[in-house]
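Have a look at the structure below, then the notes.
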Amino acid sequence: MKLTGEVALITGGASGLGRALVDRFVAEGARVAVLDKSAERLRELEVAHGGNAVGVVGDVRSLQDQKRAAERCLAAFGKIDTLIPNAGIWDYSTALADLPEDKIDAAFDDIFHVNVKGYIHAVKACLPALVSSRGSVVFTISNAGFYPNGGGPLYTATKHAVVGLVRQMAFELAPHVRVNGVAPGGMNTDLRGPSSLGLSEQSISSVPLADMLKSVLPIGRMPALEEYTGAYVFFATRGDSLPATGALLNYDGGMGVRGFLTAAGGADLPEKLNINREGQE
């Protein structure tokens, strides 16, 4: 186990990628505190992991709630080694032309308050503990932090902002705290949208992402949630990732290396090399 004795705090950790991260970190020997708005899902998480996980019901937009989560983690486990600001909302690729003029301000605030301010609050709340433990921060970014069409202008702007946060925080917190970012691609989660656009009850799981990404990604399929968690484990380890701070990992199935005519240039390699891979796909 790679994280034996370590303690992590994860925001938005009761569902989706966050829950997969909790499961993986506990499996690697860590103890985990989770800040999430769903009391029911937090109870399920605590039952599943016993004394290795504690939940705090709260709003990532509130610095006081973030401080309560940090205090609960310290009370339960004595330290914070890794912080993963992960909670977010999506704009469902609402284009600028489709944003009603009377809702732009509210939608901007909704998305930026969760996706950017929530991350800043998390670091602020945990900073003394992270400096004390010489720990690390691993921000969840998105492919939208690097490429267009991963969302609309509001979501894309928030994720580009997180890229800037990684770099600035890596500078400000050095040499005491390492700060890195993981930019996953599409995944099947319960990610919701802003209430200002009437999207708070819509889930990204209703979008047929797996079918859409199959022909788009060079790896040929949409990764499962648990397949995204390894990068976070890597950045959280103290030995293997010691030189890494300010690092941005595109972990999206190869979006940046797609070809113009086809996503994967080597799709016919087994045929060319007379390799029989029947039953291995």
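Including glycine, each Cβ sits where the backbone N, Cα and C put it.
Residues annotated as NAD(+) binding site in Swiss-Prot: 10-34. Among the features that Swiss-Prot reports, substrate binding site is placed at S142. Look at Swiss-Prot and you will find Y155 tagged as active site, proton acceptor.
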S142 (substrate binding site) -> DSSP, reduced to three states, gives coil
Report, in whole Å, the straight Cα-to-Cα distance of Y155 (active site, proton acceptor) from G18 (NAD(+) binding site).
19
